[in-house]
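Colleague: This is the feature table in TrEMBL:
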TRANSMEM  A:7-23  transmembrane segment
TRANSMEM  A:35-54  transmembrane segment
TRANSMEM  A:75-100  transmembrane segment
TRANSMEM  A:112-129  transmembrane segment
TRANSMEM  A:136-156  transmembrane segment
TRANSMEM  A:182-201  transmembrane segment
TRANSMEM  A:213-234  transmembrane segment
TRANSMEM  A:266-286  transmembrane segment
TRANSMEM  A:306-323  transmembrane segment
TRANSMEM  A:343-360  transmembrane segment
């Protein structure tokens, strides 16, 4: 069975990939209109969500979302809910892939066609999302072991750079006293939403106990601050708004003086893409598991299950390919929209879980 | 003639009919005034001296067939049989059959021709024991037992192969072994349907359920000290008769990078050596792929000086870097294989021809860049840092996946391959044990894990 540390892995994964695109962009767009206070609100709300979620999921050891909903909610309500959540997870994974295709084309290999890159991504994501949940957690841990040092190196290198403009940071800080903004809160809470994957991964946890919640909250807070302020320190208070992938542009401004690789961009890209691929795999895995739970599962017929998995993954892949027609602007709009939906979905899920717990307990008594 | 005598005669008659055509079958009736016994054995698998000393001489010395028979039946290793098939099996595996008044007894006089204990060849180490497992099961058991003086070390025997009847010993430390693993192994061994089993590697193939696996799930070793070391870690060892190798299971990824002299070295030296191996594997997997990515797709990644250097060395090369890399790597594989198979006398030819012609002439002719030559040698050398051969071979094959991915997608392909293989490794299980994990963290919690038992 999975140890508790894998829960922290799921959490850290999200705090690290939030650097990628939507969160920094949303926060930086609102840098004069309440991004700073939104970060504080997001930290409080995110920590509260984690606390509530782990409390309630602790009551359902070894059960995933389908089992919990199935046992406490009427089937007519449970199935559509699961379906909606599955689509949400699928979209989250797909968005990561889509934005990474864009990033790769822009920063790494402009010569390779977008579809070639997408096919490469889809191959590994489809194959790997079929792996069982426990193994995915092991894989996530190994990936974090590879990428965290690189990301930390990037961040440290970014901050100690003498050309880092602390004045710009201080200038933006002066706009802190502003009412928080809903868009920014939704984007910033993404940092804390790693726990939500437990909807399926709870199947391999037996009685999750969360210790040191404050570490998670502190880590999330620090990552949000870094996400928000470091690009501003590089590109200036106003110049920053011209960058789409702010963090990649930031990493591209850093030079490593004494190594084979001179541009930090590639180190950062390597770490980010590795982590994002694993993250997309995990999202698709959750989406696939949720959809599978809706289909009838004839016991003792591994072939049927394989077929069902294949159909789901082919649907996933073709959906991702179809979405490649979105341009950068629409992709961004979709991302922002999804951030909102995801946040409300989290609230709804926690509420439903408490409701399920109440129903199950009432039935027992 | 009583009923009993009758059955014995029938039994012997049946055995004789089964063994008709055996030129080396010895079928004698020993007679003294007080009575007689019949003696049956196959010359080629029995020890003539043991027969004359332990079977024939006592019969004439004792002068009393009944007392003699009880001497034979009580002798350690003897077995009284009533079933013809069993008697036949024993005869074939080096027993002599002695029959008297309806009873039949099989007496162990096996002559096993096996080479004596040799030094390790495939897993040499610089310090530490150098005996290798031999080809005789009895000797191997002795080698292991002598190093593991614990009453908890249990042995179970079974026979595999309809024709070869290979004796297989399962060894484990009862107090430490994971009983699930043991049960799974026994189940797999029982369900095996084979005619011939001759090598440990062969058995390894049959007991691994995954047909398409790239990584070995069980260690095949020739070192008794490795067997003992693993037994103490709670693993199961399978020893085969007629082969100089043992199988150790369950084995995880990390085990394949442990050499037996890691323990002998100073702690920091041992760690350093292990780090070196992992670095070697990383180099052998990635260098060719990165070379392709850097030359054909992303020359801007590395420093401009390096990019220019590589570009300069490739100036005369008339084809893309992918072809260059594949060409050189295949050449290197040819060399490795050839020097393995060639008779010792002409072995150096291959290396001279390969080294000189490939190294010097190919660059002089402008077919291959200078840097490529260096790279290929680094890849070849670092591949052999892995202490266990099976893993070394896996990695040899694996690097081509990376090369192809890099050829298709550049740096992105290498990353995709890396993620894919990491997760593939993590999804593997060796007899229920996770194959690949973040080991450092587990070592920290090792004491705690032992208390709670498993995982």
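From the backbone N, Cα and C atoms, a Cβ is placed for every residue, glycine too.
Note that TrEMBL annotation is computational and uncurated.
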Colleague: Suppose I define contact as three or more CB-CB distances under 8 A, residues 6 or more apart in sequence; do the transmembrane segment (A:7-23) and the transmembrane segment (A:75-100) meet it?
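Modeller: When sequence-distant Cβ pairs are counted, the transmembrane segment (A:75-100) touches the transmembrane segment (A:7-23), since at least 3 lie under 8 Å.
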Colleague: Most CB pairs under 8 Å with the transmembrane segment (A:75-100): which of A:35-54, A:112-129, A:213-234, A:266-286, A:343-360?
Modeller: A:266-286
Colleague: Give the one range among A:35-54, A:112-129, A:213-234, A:306-323 whose Cβ atoms make the most pairs under 8 Å with those of the transmembrane segment (A:343-360).
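Modeller: Checked against A:35-54, A:112-129, A:213-234, A:306-323; highest Cβ contact count belongs to A:35-54.
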Colleague: Answer with yes or no whether the transmembrane segment (A:266-286) touches the transmembrane segment (A:35-54) by the criterion of at least three Cβ pairs under 8 A, sequence separation 6 or more.
Modeller: no
Colleague: Can you name the far-off residues of the same chain, 6+ from the ends of the transmembrane segment (A:182-201), with a Cβ under 8 Å from a Cβ of it?
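Modeller: Contacts of the transmembrane segment (A:182-201) (Cβ under 8 Å, skipping residues fewer than 6 from its ends): 2, 6-7, 10-15, 18, 22-23, 26-27, 29-30, 34-35, 38-39, 41-43, 45-47, 49-50, 53-54, 57, 64-65, 85, 133, 136-137, 208, 216-217, 220, 223-224, 227, 282-283, 285-286, 289-290, 336, 339-340, 342-343, 346, 349.
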Colleague: Below 8 angstroms Cβ to Cβ, which residues of this chain, lying six or more residues outside the transmembrane segment (A:136-156), approach it?
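Modeller: For the transmembrane segment (A:136-156), the far contacts come to 2, 5-6, 9-10, 12-13, 16, 19, 128, 201, 204, 226, 230, 251, 254, 264, 267-268, 270-272, 274-275, 278, 281-282, 285.
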Colleague: So what's near the transmembrane segment (A:266-286) in sequence-distant terms, Cβ-Cβ under 8 Å and 6+ beyond its ends?
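Modeller: Contacts of the transmembrane segment (A:266-286) (Cβ under 8 Å, skipping residues fewer than 6 from its ends): 10, 13-14, 16-17, 19-20, 86, 89-90, 92-94, 96-97, 100, 103-104, 107-108, 121, 124-126, 128-131, 133, 136, 139-140, 143-144, 146-147, 150-151, 153-154, 197, 199-201, 247-248, 251, 256, 313, 316.
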